[in-house]
Ligand SMILES: Nc1ncnc2c1ncn2[C@@H]1O[C@H](COP(=O)(O)OP(=O)(O)O)[C@@H](O)[C@H]1O
Ligand SMILES: O=P(O)(O)OC[C@H](O)CO
């Protein structure tokens, strides 16, 4: 066995695929962006056919670029944007509507109505989640109510629901596999993460027929065979995990107390809390980090909707930078005496505020404020938001009393300035690994270890290598003053204020 593994990473803005060799090195890749569809303010959709076509293109391109035969690939691992909902016809495989994306806020009123009936506790105790439009359940319910005849057809077993992993798996296996994994279902709001099963009470509350749901497996399992007509050889699919969980695995955060934070479009911090489910008292989520050999490991998660997207806004909205890489130098030139804050609530605020109606705001502008202060405010907003998550995690899980490590990854961590600011605001060290493609690596490890061609968990954890640690340098007084200003800005941004 060659040990080549193909990782498919289907993200919010692009579909990627990476071929790793038997030494777990990335050898080739393919990547294609696809359309973001905004039918109304606050609504975000993707065309499932574009998701499929770009994924297939990326996978084929990665294999071509690797200059290996498709039959040299021992296994495939899939990782994906989470919560996004696709519903398709079981007979034809044709989606009945565009995918409703995790960022979409159209079910805010539905969530409100459920909260008014005092149902948030019912949902959160079983799923670890909150009543926010972010999660799949209310999106699926919306589709069933708004696509003509959909609920009746779903009840008759004619429709399939899937998160993106399930949809891709269905297509890759030619409709033979209708499966998902424990991490993806832990984001749906209809899956009980204590009993590890779809929850009948929650399905009834959202009026979702059980007949349309996929079977749930461990993250490393036999998910079926990718068809020869598609990739040039029959290849077993042996791993699936949601992208943030795959990054947690790729960062080898296998011990309780290990924390990873991924800075892409949004920022998602996951703290491994071990085999016991702990419900957050501070508006964090409890989620399944991974399930291996039937053993569930849980995580506390803080989800921030806008991180790198704030940098994209500087580039595409304000047009004050030409590329993301320019942001740090501009931020470094900002006037230190000005305290300008950006609260990037462009699509509401996530953890720990959970305010879908909040919208972005800027505070502290003076006549001297310009592009440099905006750039610094955008990068610092990511650090402040991470600090809010870390504080909530400390309260929930007494992190301070245990050994904690923060490992970072994602596009934004290329910026040394931002990573130093992060360590300063957190008042804690930040570890940046040598391999930053941790999401794809995590999916590849699930598949590679299952195939027996990659090391086991211990061996994989030992292979994690540090590139650089950023240590806090800011004095306490400055930090406290900056945090105070940030919290005032957030308070003024919340929709109830
Ligand atoms: N040097 C940089 N400084 C700041 N932000 C950056 C830098 N490089 C990339 N980014 C930001 O990182 C994001 C891309 O990261 P990536 O992990 O590819 O995201 P995703 O998987 O969500 O598409 C973009 O939003 C971009 O603005
Ligand atoms: O596709 P990404 O990297 O923006 O990640 C999206 C998350 O999975 C949403 O929960």
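Using N, Cα and C of the backbone, Cβ positions are placed for all residues, glycine too.
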Request  = Taking TrEMBL at its word that 12, 13, 14, 308, 312, 411 bind ATP, choose the one of 55, 265, 347, 366 listed for that site.
outcome  = 265
Query = TrEMBL has 82, 83, 243, 244 down as binding glycerol; which of 134, 191, 290 does it also list for that site?
reply = 134
Query = Quick one: which of the binding-site residues (12, 244, 312) have their CB closer than 6 Å to ligand 2?
reply = 12, 244
Key: Extra residues within 8 Å (Cβ to Cβ centroid of 12, 82, 83, 134, 243), sn-glycerol 3-phosphate   = 81, 84, 101, 102, 187, 242, 244
Task = Please work out which residue of 308, 411 has the most C-beta neighbours within 10 angstroms of its C-beta, and give that one of the binding-site residues.
result = 308
Note = Using a 10 Å radius on the Cβ of residue 83 (sn-glycerol 3-phosphate binding site), the other Cβ atoms enclosed count 25
Inquiry  = Beyond the listed site residues 82, 83, 134, 243, 244, identify every same-chain residue whose Cβ lies within 8 Å of the center of their Cβ atoms for the glycerol site.
reply    = 81, 84, 102, 187, 242, 268, 303
